């Protein structure tokens with residue numbers, strides 16, 4: 001049988017567990033209500049509907065206040081950013097000042113004779129001709145008007161051609177500024193804001209350019225010497241020098257004139273070994289042939305023996321001193 005003490009202990013533990021369970025459930029419901037104020041299902045634990053309505057209204061008011069505060073902060077930040085951008089744009093705007101006293105170099109491809117002639121004594125004035133035509137319309141017919149106009153145009157063309165032919169040759173030399181006086185060296189160049197260079201400044205500039213060019217040539221020469229240093233290039237017996245003639249005597253040069261050699265011929269001449277001299281028969285016997293100037297390297301007898309040396313043309317097995325000795 002279970003004693004009374006154990007029963008009381010179990011009851012106390014159960015009561016404490018129920019109290020803790022209720023406490024934690026209420027804390028959870030409060031946290032959920034703060035996180036999700038729009039979700040009103042968490043208020044189902046409340047018994048009275050009036051309490052739930054009051055809680056809903058309070059949550060709505062708090063959310064409205066928070067949203068209005070956020071909107072006010074955002075609007076203030078946007079206004080500050082716009083003001084800063086406007087200030088920067090106003091500071092960065094270029095302020096241009098126009099000076100009416102500045103004389104700009106506007107050149108005309110005309111000589112002064114042509115310009116004065118066209119302005120004052122033009123040979124073909126349209127206004128005067130039209131006034132003369134329309135003044136007496138009853139007396140002058142259309143045919144006569146056309147004839148007079150054609151005659152005047154022909155005269156004007158002839159005069160223009162005669163005058164232009166004399167001045168076309170001098171157009172390149174007579175480029176005259178329209179708004180400047182004769183002595184333009186005393187004025188500032190309005191397009192760049194710098195005075196025109198004097199003769200002394202031009203000479204200094206030319207000397208500086210020459211000096212810089214000499215320094216450039218020296219630097220370039222040192223660079224080429226460094227790149228083509230003979231100590232870097234390893235020369236052997238078979239090295240081909242492209243800029244050196246492969247012929248050493250005048251006879252070789254005459255051969256070059258008769259028959260030019262290719263790069264392959266030069267390479268073969270450098271790489272190939274010594275050519276064997278043609279063999280001359282000294283005497284023949286029934287068993288062998290003896291040649292002049294025989295030695296062991298061209299198929300003759302080895303000194304002090306009756307053994308043939310390596311011929312150089314046949315394989316190694318033909319030599320008596322090799323595998324088949």
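Quick reminder: no glycine exception, Cβ is built from N, Cα and C everywhere.
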TODO: Can you dig through Swiss-Prot and tell me which residue of 48, 120 is labelled N-linked glycosylation site?
DONE: 48
- [ ] Fill in the CA-CA distance, residue 27 (N-linked glycosylation site) to residue 222 (N-linked glycosylation site), as an integer in Å.
- [x] 87
